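According to TrEMBL, the feature domain '3-hydroxyacyl-CoA dehydrogenase NAD binding' maps to 171-344. TrEMBL lists 347-448, 485-579 with the feature domain '3-hydroxyacyl-CoA dehydrogenase C-terminal'.
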C-alpha cells in the first residue's frame, strides 16, 4: 500500500526555527519520514492508516491535551537566534529580488522566536493581511490564471483547441543535436515518445550519443517517472526519419540551412507527417512554402535548456492547420510545458519584444551607463539576471549571427550608428569582433575565471572600450538614474507588447505575460510586462514613452493601441482582450 501518514490529536505543531524557516522559504515538500523526524507527525505507517488512527485515538482517549497545545510549548531556538535570523534576512532580501512573501516569512519566524504566542500569532496575521492585499498578491493570482487562459488558444479563423483534434504522437524525430536539440530529445523521451535523433556532423553526433542518455537518466531519476522514457536512437542519416509522425528541426538559426532541411524532410517523410521548426524568430511561412503540405508546418520554439524550461511558443503561419497547432500544443502539454499559440512575425512574441529591450540597454551604455549599473537596476526590479549578464550566459555571438543574417552588420556594412534608417548601436558587434563572446570565452561584458566561468566581475577593459567608443563618436557620458534605466528598457519592451496585441500576433495580454514569466525571467510577483503596465498606469507609460521617444528609435514611439486604451479611460488588463476584439470588429465594418 502507498505510504500514508496522519497527524493526530493536535491542532498544530512546533518545530525548531531553522527547520521551519527552511520549509517556509523554499516551499519544499518533505517525505513522511522527514516529517516524523521534525515532529510534524505522530506516526507513519505502510499499512492501513485508518486502523492505526483508530488504535491511536483509543490509546490516548481521556488523556489531557495541555501537553499537545502549541501555545503552551516553548519555541525551540538556538542560542544565537537573532544573529541567525539577521543572516537569513540578508540572504532572503538578496535572493527574493523585491518579492514580499519571503521577507514576511522571516519576520514571522522572528516573531515566533521572540514574542509570546498570542503576540506572535497577531504579528503573523498582520503580515498575512499585508500580503493578501498587496499588488504582488494580485500579480501572482493573475499569473496563475493567465496560465490557464493561454491554454484556451484560438486562431484568427476562430478555430479552437476544443474543436481541433490533436494527434497523439508516439514516435518523433529531432534534427540537429546542439544544446537545444539535445534538450528537445530528452523532453520528448521523458513523455514516453520514441525519438530518432539525427545529426549529420560526426563529432557532434558522437558527443550527443554520449551526453543525451546521461541527461535522460538524470532527469528521469529526478522526476521519478511512473512510465519508462521512450527509446532514443541516434543517426547521421535523414532517411531514418521516414516513419516518424512528427519532426522537430533544431539546426542553426540560418534560413538557408533550415530551408534545405525542410525541402529534404518533405521528400523523405511519409504524407501527413507534422514538420516543426525550433526557430526563435525566422519566417514559418517561408519554411512551409518549400514543403508539399504547408498546413502541417508550425513552429515549436523551445527555451534552453529545453527539458527544463517550461515555455513553448507554438507558432502558426497563415497556412498552418488547426490540427497541426492543436497537436503541437497537446505535445507541449504532455512535456509539461506552458504552450502559448502565437502568430508568425520576426521574433514572434518573446524575441520581438526582447529586441527593443536589448536595444535600449546598448544605447544606455553609449550614453554613460556601465553594464553592471544596467544589470543591477534590472535585477533589483526582480529579473534573475540583468541584460548583459544574460548576454554573456547565452553567448554574444547568438545575436551577432542574427544581425548578420538581417544585414545589419558584417563585411561590407559600414560601422555607423545608423543602420537601415534607424539608430543602431554597434557595441555588441565590436565586442564579438574582439573575441569577447561571453562565458564561453571567459570574457564578454564581464570577465570570468577562464572559459566556462560563472562568476561575473567588472572588467576594466570594457570601461576603456566604452570610453574610447564614446570619444570616437563624439558622445559625452552623463549620469543615468535607476529610474531611467527601468523606464527605457521595460517601457520599450511593454510598448512592443502593445504593438503585438494590435497586430494580433498574441491573442491577449495573458499570452504575452505567460511568455515572459515562463520564458524570459520576468519576476512572477510582478505578473508580466502587460500586467505591470496596468499596475504602473497606462497614462504614465504613455507619458514616459513620449518623453523618451526619438525619431530614429521607432520602438519608443507609443503604440496606437496604447493611445486608444488611454483615450478609453485605461480599462484594467482583464478587459483589454474584449477592447481589442471590439476595435478589430469595428475596423472591419
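One is the number of the first residue shown, and numbering goes on along the chain from there.
Every residue, even glycine, has its Cβ placed from backbone N, Cα and C.
No curator has checked TrEMBL annotations; they are predicted automatically.
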PLDDT averaged over every residue in the domain '3-hydroxyacyl-CoA dehydrogenase C-terminal' (485-579): 96
DSSP residue counts for the domain '3-hydroxyacyl-CoA dehydrogenase C-terminal' (485-579), split into helix, strand and coil: 69 helix, 2 strand, 24 coil
Helix-strand-coil residue split for the domain '3-hydroxyacyl-CoA dehydrogenase C-terminal' (347-448), DSSP-based: 54 helix, 7 strand, 41 coil
